[in-house]
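These features come from TrEMBL:
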type: DOMAIN; residues: B:74-263; note: domain 'ABC transmembrane type-1'
type: TRANSMEM; residues: B:12-32; note: transmembrane segment
type: TRANSMEM; residues: B:73-97; note: transmembrane segment
type: TRANSMEM; residues: B:109-132; note: transmembrane segment
type: TRANSMEM; residues: B:144-163; note: transmembrane segment
type: TRANSMEM; residues: B:184-207; note: transmembrane segment
type: TRANSMEM; residues: B:242-263; note: transmembrane segment
Amino acid sequence: MESGKVIQETPKIQINRSKVKQKEAIIGWLFLLPEMIGLALLYVFPLIFSLILSFSQWNLLGGLSGIEFVGLDNFKQMFQDEKVLIAIKNNLQFTFMVVPISMAISLVLAVVIHSNVYLQSYFKVAFFIPYISSIIAVGAVWRALYHPSAGPINQFLMSIGIADPPKWLADTSASLLAIIIITIWTLIGYVVVIYIAGLSNIPPSLYEAASIDGASNFQKFYKITLPLLGPTHMFLAITLLIGSFKVFDLIAFLTDGGPINSSTVLVYLIYEEGFQKYNMGYASALSWLLFAIVSVLTFLTWKVQNNKMFN
Amino acid sequence: MNFAKLDKLKLVNTIVLGMISIFFLVPLIWMLSTSFKYESDVLVYPIEWIPTSINVVNNFKAVWMADIPFYLFYYNSIKLAGIMTLFTILISSMAAFSFSMLHFKGKNLVFFLMITLMIIPEQSTLVPRFILIRWLGLYNTHEALILMGMFSIYFTFLIRQYMISIEHDYMEAAKIDGANYFTIYWKIILPLCKPILATVGIIKFIWTWNDYQNPLIFLLDRKLYPITMGIQLFQDDYADNYAVIMMASVSAIIPLVLVFIILQKRVINGISLGGVKG
Amino acid sequence: MKRLNSLMVLLVAMFVFLTIAGCSGGDEESNAGSGDGGDGTNDGEVVTIKWYNWDNDVMGATTQKYIEEFEKENPNIKVESVPLVPGDSLASLQNLDILLSSGEEVDVISFPNADSLYQRAELGALASLNDFYEEEGIDPTEVYYVNPSVGDDYYGIQFNATTNFVLLNKDALDEAGLEVPKIGWTWDDFAEYAEKLTVEKDGKKMHGAYFHSWSLYMNPIAQTLMKHPFLFEDGTTNFSDPSFKKMFEMRKELEEKGYAKSYSDVLGAELGYRSEFFNESAAMLLTGSWMIGEAGDTEINPHDFTTAFAPVPVLNEGDEFAAFMGGNFLAIGNSSTKKEESYKFARFVSENLSEGRVELPGLKQGDARPVVERIIEGNEELIDVESLMYTLFDEEVNYLDASQVSIGYGRELESILSDGFAKYMLNDESIDEVIDWMIEEATKVIDKNS
């Protein structure tokens with residue numbers, strides 16, 4: 001490019017630049033517009049509305065004029081409501097079983113599939129199938145498997161000498177476990193795939209170097225694989241954590257939160273209060289409780305993971 | 001010698017993992033086998049993995065030629081998932097384009113606010129969204145589900161992360177030319193983003209396909225039901241006739257699995273891209 | 001450029017879609033607001049009223065006949081049937097609530113029972129019928145068995161009557177050498193029957209009895225022989241009645257001895273009561289008059305045995321027999337601008353005994369026998385008609401008066417009952433503790449609501 005030409009053009013570009021800037025801003029907002037409208041309509045407005053509702057008592061049937069402000073009553077009621085405590089306890093139990101167990105099983109599977117196995121793509125597919133299968137169709141299958149007296153699972157357990165196997169979906173001490181098992185089963189494929197992606201980002205040269213130093217497979221796993229998967233652990237932990245707090249489909253389909261609330265969770269309570277009993281105010285207050293818990297847990301995971309990575 | 005030893009380990013791994021994978025798929029194998037059986041043979045123990053007497057035709061008829069035939073649920077699911085996926089890709093990629101390629105005041109603030117909104121669990125806004133949908137007169141319509149399903153902060157975020165890694169030269173050149181931003185977006189940037197768009201499309205499609213909560217709350221007419229709700233209907237109607245219910249489950253699961261097997265590389269790469277980038 | 005165009009088309013399409021989405025809502029509202037201009041009176045103009053129900057195909061045929069006959073008599077009124085969720089009354093009610101809450105004009109509504117009607121009446125969603133009754137000059141208590149009312153206001157017109165009875169597999173009874181039971185048989189007799197009817201047949205076990213997961217089956221006595229399923233007439237909980245303890249214990253005993261399927265199976269596998277009885281997995285089934293039409297119908301329920309009928313057992317020998325009468329009710333929405341026409345139609349349906357009717361009427365006067373005969377027409381072969389007629393119409397069959405208590409929180413009490421039952425059946429908690437817990441919880445709910 002000739003230098004003269006550049007000099008000549010400089011002023012023109014400057015004029016253009018402010019015009020361009022203006023145009024760019026307009027265009028920029030235009031491109032954002034659809035998303036903005038959607039978010040305002042479906043996130044911001046509902047958020048504000050549910051905040052208002054959470055301080056009021058409103059039965060949907062009464063119409064808008066039936067909204068009655070009750071201050072903090074809903075929140076007071078919430079902390080005395082035995083069902084809410086059970087739901088939170090169930091939620092925590094669910095999360096602290098689903099997240100670590102599915103991550104641990106999947107990590108082992110991923111390491112084996114990634115490094116040292118024939119038929120790699122078969123395994124990826126096989127473990128992934130439950131994840132893409134419709135959760136309700138899968139739930140229907142498991143309901144039959146869980147049949148208390150004649151189902152395959154309990155027939156098997158009895159045939160190996162367990163005389164009194166759990167009654168699964170009809171058992172107050174096993175219904176949540178039954179849901180947890182199905183959830184882990186469907187999640188494993190997804191977590192395996194994410195771990196494999198994480199594993200392929202680790203440079204093979206590290207393992208080679210470790211081999212030369214005489215490191216055992218276990219040492220390699222512990223010293224190289226685990227720490228270098230840090231961001232992947234982090235991603236999975238947060239995603240699964242948030243996801244597990246939103247569990248609803250299987251519970252609504254299989255147990256309705258029962259028997260005797262043994263498998264109820266926060267989202268199910270919101271559904272029950274809001275859409276079956278029409279206590280919209282109370283349901284909104286519960287929604288904010290859910291929001292608060294998820295935010296705190298997300299923050300904590302993030303904090304813990306960050307600390308680990310720095311140490 | 002080393003070579004042979006390594007191979008042996010690999011073989012052992014494969015066999016062990018193979019056994020685990022079959023154990024893992026047992027529920028689905030049981031489903032498939034049950035869908036061929038007479039009801040009276042279903043809960044026989046030990047399990048007849050290969051049915052001795054076959055009733056698959058009647059089971060199939062019960063599912064596919066019911067009062068509301070199964071293909072209607074299929075049609076609804078495909079329609080809903082298809083439209084939502086397209087709209088999501090379009091809307092999210094437009095926003096992502098703006099966030100990553102264009103420079104203007106206020107952009108970063110909006111982005112920050114958007115990311116904050118991402119923490120809100122969908123279910124905490126269920127009640128007001130329900131009221132909103134009713135006000136709009138969209139209760140019991142597919143439009144309600146589509147409207148709620150076409151905006152996604154998560155996907156906007158994913159696409160933006162990808163676009164940021166694209167070289168900005170195109171933009172600079174285009175700006176100087178005074179070129180049309182829409183042309184750049186549509187003809188240059190979108191084609192470059194194909195991998196992430198495929199990812200978003202696949203994840204969104206699977207999520208919508210498997211959604212149960214929104215149809216449960218926002219749909220009333222059985223003719224509008226997607227597959228998930230269709231299965232629920234069979235469960236209610238056939239109660240403990242497992243052969244028919246399993247046929248319904250097979251009908252819901254198998255086609256998607258076949259599509260997945262054909263597109264497996266795409267799907268798996270897509271899912272892992274979402275994971276790593278996110 | 002072509003590509004660009006397609007983008008623009010997509011964008012435009014999207015906004016059109018959004019606008020349509022927004023507008024269609026507005027349209028609907030304005031429609032509802034302006035109504036059809038028919039303010040009750042009609043001067044030659046045709047008025048259309050909507051009847052919200054949960055008709056499936058079979059019930060829909062009846063509905064259609066009612067409507068045809070009504071329209072013939074009243075050419076100025078057209079009736080449109082709107083089945084909300086076919087075959088599912090509970091889901092239909094939920095959807096009805098959504099319609100009511102969105103201000104939609106709702107004319108005539110079917111309710112499956114009085115409790116669900118009270119709930120909506122208390123929230124002001126239904127119109128009082130007193131003025132209409134007065135105008136017509138009738139006293140509803142003389143016309144219908146059950147007249148749901150809140151305070152002094154009547155809200156429901158009984159158009160179907162439901163009573164409970166026990167279905168028995170007659171072939172199995174004959175094989176066991178048992179008689180079809182008569183009025184006055186007790187639940188102890190029932191348990192004895194269950195024991196004798198439990199047999200192994202062709203490698204398949206037939207249990208003596210089946211109890212479904214509904215609260216009706218948890219304590220049948222409260223549901224069939226008391227005026228209100230959850231309350232005494234003084235408004236306190238009836239969970240303290242000794243029948244609860246007795247029936248809970250009986251259920252467990254039958255289950256433990258293998259004479260009835262376990263509650264955990266019923267719950268965990270979501271068993272269906274129709275298939276349990278008609279597939280001969282159980283020989284006795286407590287159920288209600290809605291099953292009359294199905295009993296001999298081999299198309300809906302393929303089977304080849306004869307079904308007999310018996311009245312609900314009583315608690316102790318010598319107890320007087322008076323059965324609870326429930327029913328389906330028609331109510332008129334408060335939002336309706338065509339209340340008069342709606343009332344006319346509801347009354348018409350309730351008094352219609354013609355061809356179409358497949359359920360018992362709620363009328364005190366008149367003979368329902370022909371109705372029953374028509375309902376079972378063509379299916380007599382597999383129905384023990386004699387015991388059916390005896391169970392429904394014998395002189396000794398008395399019905400309880402309507403309860404004086406009406407509550408809108410029956411559902412909460414029902415969930416206490418089912419939780420208490422599950423505590424006892426599934427968790428083996430002691431019966432006395434469970435009953436105490438139920439009384440305590442129910443009292444809390446009652447106090448909160450009064």
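Any Cβ shown, glycine's included, is placed from N, Cα and C.
Looking at which of B:12-32, B:73-97, B:109-132, B:144-163, B:242-263 has the most CB pairs under 8 Å to the transmembrane segment (B:184-207), the answer is the stretch B:73-97. For the transmembrane segment (B:242-263), the residues of the chain that approach it from at least six positions outside its boundaries are 28, 31-32, 34-39, 42-43, 55-56, 59-60, 62-64, 70, 74, 202, 209, 227-228, 230-231, 234-235, judged by C-beta separation under 8 angstroms. Residues 142, 145-146, 149-152, 155-160, 162-163, 185, 189-190, 193, 197, 200-201, 204-205, 208-209, 224-230, 255 of the same chain, all 6+ positions outside the transmembrane segment (B:73-97), place their C-beta atoms under 8 angstroms from a C-beta of that stretch. Tertiary neighbourhood of the transmembrane segment (B:144-163): same-chain residues 80, 83-84, 87-89, 91-93, 95-97, 99-101, 111, 114-115, 117-118, 129, 133, 136, 138, 189, 193, 195-197, 199-200, 203-204, 208, 211, 214-215, 218-219, 274, 277-278, selected by CB-CB distance under 8 Å and a gap of 6+ residues from either end.
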